[in-house]
């Protein structure tokens, strides 16, 4: 009979993935676990260096910035990462023009950061209470703007600089980075 751990890991990428079981098996580090499961292949496909230390640094930092609030927490982010990867896998199976590597990586990263720093209240609350994040970001989508800003601040740190090219001879890497940023922001806001 397979162990609970093996069963939970085998559910990664499947629709019936149970994030709560996975969270228990990873001592609450389920975003780190899902990210390390999917990240290296996505980074490699998109032309970035899949160094485990920078991926781990990115995931650990983002996971630590998720607040312990109902729903908008790191376990929810891990669930969204898994669901995103499920849909991307389905896209590759059935689409005549499946997403290319950089948009797939953008979707993965957007899923990771989509609620980072969330305080457990909605945009309307923050706008109505004149919360400082409204002044800092905007009054249309302050939380989403904050999530993206946090993600990009983390990714600029040396310990979590995911978007380093595999080789310095890549001329298309800046286009890929801007595409990733534009795609990631779009996925997070919508």
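Numbers here mean position along the shown chain, with the first residue as 1.
Here the Cβ of each residue, glycine as well, is placed from N, Cα and C on the backbone.
TrEMBL entries are annotated by machine, without manual review.
Per TrEMBL, Zn(2+) 1 is bound by 114, 115; the candidate from 76, 130, 159 named for the same site is 76. DSSP gives residue 76 (Zn(2+) 1 binding site) a helix state.
Annotated Zn(2+) 1 site 76, 114, 115; additional same-chain residues within 8 Å of its Cβ mean position, judged by their own Cβ, are 66, 72, 73, 77, 80, 111, 116, 118, 147. Each of the recorded positions 72, 76, 114 was ranked by the number of other C-beta atoms within 10 Å, and first place falls to 114. Per-residue pLDDT, averaged along the domain 'PDEase' (1-190), amounts to 86 for this model.
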